[in-house]
Amino acid sequence: MTSAIVKCPTCQKAGPWTPKNEFRPFCSKRCQLIDLGAWADEQHCIPGDPAYLSDNELSTEHPTDQLV
């Protein structure tokens, strides 16, 4: 059975979709990190309305910490 050939989303280089390719769908760690950086820099986004957390949800305290 032959493996599917996919294009790297970052550099468009063709490569096999196999378990041996630990970076799939990317061709390399470098391309994987470039994509991660683009998400972190908000160059990529998922369409839709943003979800906002309430002040309660943003609290870093554990609820049981307030019982003492």
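A Cβ is built for glycine as well, from the same backbone N, Cα and C atoms used for every other residue.
Remember, TrEMBL labels are computer predictions, not curated facts.
Taken verbatim from TrEMBL:
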BINDING   Cys8, Cys11, Cys27, Cys31  Zn(2+) binding site
Neighbourhood of Cys27 (Zn(2+) binding site), C-beta criterion under 8 angstroms, separation at least six:
Cys8, Thr10, Cys11, Lys13, Gly15, Asn21
Other same-chain residues whose Cβ falls within 8 Å of the Cβ centroid of Cys8, Cys11, Cys27, Cys31, the recorded Zn(2+) site, in sequence order:
Pro9, Thr10, Gln12, Lys13, Gly15, Phe26, Ser28, Arg30
For Cys31 (Zn(2+) binding site), the three-state class that DSSP assigns
helix
Under 8 Å Cβ to Cβ from Cys31 (Zn(2+) binding site), same chain, six or more residues apart: give me those in sequence order, or none if nothing qualifies.
Cys8, Pro9, Thr10, Cys11, Phe23
Where's the emptiest Cβ shell within 10 Å among the binding-site residues Cys8, Cys11?
Cys11
